[in-house]
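> Below you'll find the structure I mean.
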Amino acid sequence: MKRSNRLIGILAVATSTAVVLLQTSRIDAFATATLPSTTSYRIPASLKTTQTSSRAFLTSKKKLHSLRSSDRIATSFLSAVVVDTLYSTTTDTGGKLQSKKGSSKTSSSQPKKEGHNLMDFLGPVLSAALLVTGNTFGAGCLVLPELAKGPGMAAFSSLFLGAWTINLVSGLILAEVAIRQKEAAVQQGDDNVVPSSFKEFAQVNLNSSTAANGVSAISVFVNSCVMSFDLSRVGQVGANLSGQAVPNELISAGWGLLLVTILSTQSSKNLSRAASMCATVLFLSFGSLLLPGLAHVTDPWQVWTAPAAIDFTGSLAAAAPVVLMSMIYQNVVPSVTKILNYDRVQTVSALTLGSLLPLVMYVAWCFAWVGGGIDTTIGTTAGIGGLLMTVFSLATLAGSSIGSGMSLSEEIDTFVQPNAAPRTKSGDTENEQAVRGEYQIPSVLLAVTAPLLAANVMTATGHDTTEALRLAGSFGSPLLYGAIPALMAWQQRAQQSPKSPHMIPTAGLGALGLLSTGFVGNELVDVVERFLAVPV
């Protein structure tokens, strides 16, 4: 009970603080950057208004006022459209406007429009947002519905909202670190220096190789926990498909061997393609399960307001680390900022939208599952629902294990052979790269066998492998994506110009750091109490 009260207090403070930060901070990026809209069009100096253009504008304006209020558009938008139309349908000949009716040719010296249209803004933002969504939504679907039954859907959804808010603050802080690091490199004349990993962030902003190695070690711990869960669940799914004729451990070992083969022989490009294919299958099967599932929920209001099935505070405290871990996406923030050319407004938009979609998807999935709308049977003989559930589970676990294996192998490479020469030479062909593989075999073996052994130990001792995700969410994620980013941003702001816009107020850095360390401390106290068998 003590642990539950501590954790609920921390979560309440965390959620309220994060909401206040997001509401009160005006996010200077929006104040300093030029929003792409049609009002950014300006008439070139060489464009002089004539009687014809004035009549066209007045006619358009009259049409505007003749519309019903519900059909109207902003006058500023209309003005921009009229100017753009006049500008694009005329030619510049000696400073005079000439209608295209009299000439089909345009002058090559015609000035171009300033600014850019809405699609130039939305296209990259949507692409980056989907990248965030794809890296957030995944294996959590297999465990979250069972956890939702404990506290009830209403409280569980509130927990999800709090985790989303905290992770959004963390993601914006990391984006600011990446953008500032890029801007500093440009000012120093080295535009080729592009931040690409947490280890690089730590080494540059904390000016410590020890801190960089610590970040790598925490990353290895988090990904190892995820890999343990994936390997164990693959064994369970395979055993169900075989009618329990093949032991879980044997199937898990077989999948681990296949992973070692794939990771050690294929290039990162081929591995990324495989992971993308798994993600595509995942989303297709997810939609095929969710939409009918929501329609089959008989009493939605009762499902939403159902009281806690077991101890409310205890079940909420047990679910918090897994929910927090399931909403993690910060590992792709460096890639998102690079894709969006380090634009603050686009980055904020992409991270907000990309992390909001998994929140809705997870809550809808849990709602349909708890409401009995989704058939959770795994097997090829259980009808179309069972087949879709099998495909969904395998695609989720395959994509997650490939991604975790790539991250683990890359991080372990830096410890096993820190001074190794690059494995890909400029003269190698793409086929030669694919045959040799991207990662060192010792690193791949360690990345797969250690989590496999841990999963087998947990299973043999009667522990559910969901504990692996709970460990990652209790200790690894709050440090890696909470305390460390706050510390890096704090150091960066102290060293760079204070005039550079902040995406999160300075007070938010301290709040995120304290909340993250407080959460870890609460979980550590709980582990010690259980180890010492102290009654709670």
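FYI, residue positions are counted from 1 along the chain as it appears here.
Using the three backbone atoms N, Cα and C, a Cβ is placed for every residue, glycine included.
What TrEMBL says about a protein is an automatic prediction, not a curated fact.
Straight from TrEMBL, here's the annotation block:
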{"type": "REGION", "residues": "90-114", "note": "region 'Disordered'"}
{"type": "TRANSMEM", "residues": "121-144", "note": "transmembrane segment"}
{"type": "TRANSMEM", "residues": "156-175", "note": "transmembrane segment"}
{"type": "TRANSMEM", "residues": "274-295", "note": "transmembrane segment"}
{"type": "TRANSMEM", "residues": "301-329", "note": "transmembrane segment"}
{"type": "TRANSMEM", "residues": "350-372", "note": "transmembrane segment"}
{"type": "TRANSMEM", "residues": "378-398", "note": "transmembrane segment"}
{"type": "TRANSMEM", "residues": "468-490", "note": "transmembrane segment"}
{"type": "TRANSMEM", "residues": "502-521", "note": "transmembrane segment"}
> Given the cut-off of 8 Å on Cβ pairs that are 6 or more apart in sequence, determine whether the transmembrane segment (468-490) and the transmembrane segment (274-295) share at least 3 such pairs.
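Since fewer than 3 Cβ pairs under 8 Å link them, the transmembrane segment (468-490) and the transmembrane segment (274-295) do not come into contact.
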> With a Cβ cut-off under 8 Å, give me the same-chain residues at least six positions beyond the ends of the transmembrane segment (301-329) that come close to it.
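Residues 1, 3-5, 7-8, 11, 132, 135-136, 138-140, 143-144, 147-156, 159-160, 163-164, 166-167, 171, 354-355, 358-359, 362, 367, 370-371, 466, 469-474, 477-478, 481, 523.
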> Between the stretches 156-175, 274-295, 350-372, 502-521, which wins on the count of C-beta pairs under 8 angstroms to the transmembrane segment (378-398)?
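Going through each listed stretch, the top one turns out to be 274-295.
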> Give the one range among 274-295, 350-372, 502-521 whose Cβ atoms make the most pairs under 8 Å with those of the transmembrane segment (156-175).
350-372
> Who are the long-range neighbours of the transmembrane segment (274-295) in its own chain, taking Cβ under 8 Å and residues 6 or more past its ends?
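Sequence-remote neighbours of the transmembrane segment (274-295) are 134, 137-138, 141, 262, 266, 361, 364-365, 367-369, 371, 373-374, 385, 388-389, 391-392, 395-396, 398-399, 402-403, 406.
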